[in-house]
C-alpha cells in the first residue's frame, strides 16, 4: 500500500459493514414541520431486530447502502439521511411493527411525485432483511405541497362549471367496455345522458383499439353529449380517456377533446404514470378541462395487507399530481372497501385539513393548505337499492357511477338513467327533510318507485343482488 493511500484511509474512514441502527435509528429525533413523515408496516426476517429493520427502511430509502463508503465523508449525512424515529408493535401480531421514518425535504425534487415515490417506495421494498413492507401513510408538509399545482380545478370550480349543486353527481361507465363501434358507443352515451345522468365514462382500458379508434369515439361522444344537453337543458360530460402509449399522444388526444368543446377528459394515472398524469393535469388547468382519474392497477399495489402501499397514499399522491375525480371504492358494491378506512381517504381527498385518526387508518394530521379537493367516485356493482347508503356515506361531494346499474335496466339505457336519477333525487330530498337514510332508505326508494315506472322496474331486477364479502383492508 502506498503512503498516499494510507493517508487517505487514516482520515476517519473505516471500511466494512455496520448495523443500520447505529446511524439511522434515532428515537431521540424531534420531527420538523418540513419533514415528510412515513408510516411503514414492517415484517422483519426471523432474527432481525425491529430497530435494525426500521433503520434499514430509513437508510435504503434515503442515503444508505449496504456498506460504508468513503464518499459519506464528502457530505453531511445528518442533514440528508432518513431517520427511523419511532417503532410500535402491531397489536395481535408477533413480528409486525409500524416504523415511523422522517425524511428531510431536501431529498426530493419540487413538484415531482415520481421522484418522491422513487425514494420512499423504491428498492427498499425488495430488501432481503425484510419479509414484507407496506407504506401505510405519508405526511406531506405544506412546504412541499406548495410546489405542486394539484387538481386542475377542484370541487367548487367543477360545480360552478356544471351549474350543479346540492347533490352527488351521477355517472355511468359504458358497457360492454370493449367491442362496440364508435357510433354504437356514442348512441349509448346519448341515451344515458338524456335519461338524467350528469356523466358517462370510457372504461379504463378503452384507448384506441381496432374496433374503435380514439378519434372516432371522441367525435361520436361529443355529438351525443351536445344532443343530450340540447334536449335536457343540463350541462353533460363524457370522460374521454386520453391515456396513450406516449405523453405526446396523450396530450394530442386532450387537445382534440378541447377542440370538440367537451368539458372533461380522463387518465389511468397508475398505468399511465405520475409524470404523464401531472403533465395532463397542467394542460387541463390551462385549457379549462376537468380531469377524471381511474385507478386501474391499484389493487396490485394496495390489496395485500402486509406488503405494498395503502390506497390512502396513492390518493394523496393523486391530489398532488392532479385530478378532479378519482375512483375510491363504494363500501357497499362489488369492490374492496371497508367503511371507516374508505371514509378516511375520502376525507384526505376532499378536505383542507384532516386530523390524525388511527381508527380510520390516518396516521398523521394532514394540512393541504387550500389545495383544491378531489371528488371521490363510487363505482363497481352498485344499483338503485344502494342509493340511500351511498348518499348517506359520501354526502353531496361525490360522483356515484352506475355502469351495469344503468345499462342493465330491462327497458334500456335511458330508463336505467331515469331510475337512478329519480332514486338519487328521492334520497337527497328525504335527507334534507331529516329522514334517516340508514333506517328508512329502502322505504324511501319504494315510495319513489310508486311514481316512477322506470325505478320500479329497476327495483324488481336488483332486489336480491348483494356483494357480502368481508373486506381485506382493515385497520
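Glycine is no exception: its Cβ is also placed from the backbone N, Cα and C atoms.
According to Swiss-Prot, the N-acetylproline annotation covers 3, on the basis of sequence analysis.
Residues or ranges marked as substrate binding site by Swiss-Prot on the basis of sequence analysis: 123, 173, 177, 295, 327, 379. Residues within less than 8 Å, Cβ to Cβ, of residue 173 (substrate binding site) and separated from it by at least 6 positions along the same chain comprise 200, 201, 202, 203, 379, 401, 403.
Listed in sequence order, 203, 403, 404, 407 are the same-chain residues six or more apart from residue 175 (active site, proton acceptor) with CB atoms under 8 A from its CB. Residues annotated as active site, proton acceptor in Swiss-Prot: 175 (among others).
Cβ-based neighbour count (10 Å, all protein chains) for residue 201 (N6-carboxylysine) stands at 30. The N6-carboxylysine feature in Swiss-Prot is assigned to 201; the stated evidence is sequence analysis.
Per Swiss-Prot, Mg(2+) binding site is recorded for 201, 203, 204, and the stated evidence type is sequence analysis.
Annotation for residue 294 (active site, proton acceptor): same-chain Cβ neighbours under 8 Å, separated by at least 6 residues, are 204, 241, 266, 267, 268, 269, 326, 327. Marked as active site, proton acceptor by Swiss-Prot on the basis of sequence analysis: 294 (among others).
Positions annotated as site 'Transition state stabilizer' by Swiss-Prot: 334.
Sequence-distant contacts of residue 123 (substrate binding site), defined by Cβ-Cβ distance under 8 angstroms and a gap of at least six in the same chain, are 60. Those same-chain residues not listed among 201, 203, 204 yet with C-beta within 8 angstroms of the centroid of the Mg(2+) site C-beta atoms are 173, 174, 177, 202, 205, 206, 239, 241, 266, 294. In this view, residue 203 (Mg(2+) binding site) is surrounded by 19 other Cβ atoms within 10 Å of its Cβ, with every protein chain counted. Look at the binding-site residues 177, 295, 327 and count other Cβ atoms within 10 Å of each Cβ; 177 has the fewest. For the recorded site, residue 204 (Mg(2+) binding site), the DSSP three-state label reads coil.
In the three-state DSSP reading, residue 123 (substrate binding site) counts as helix.
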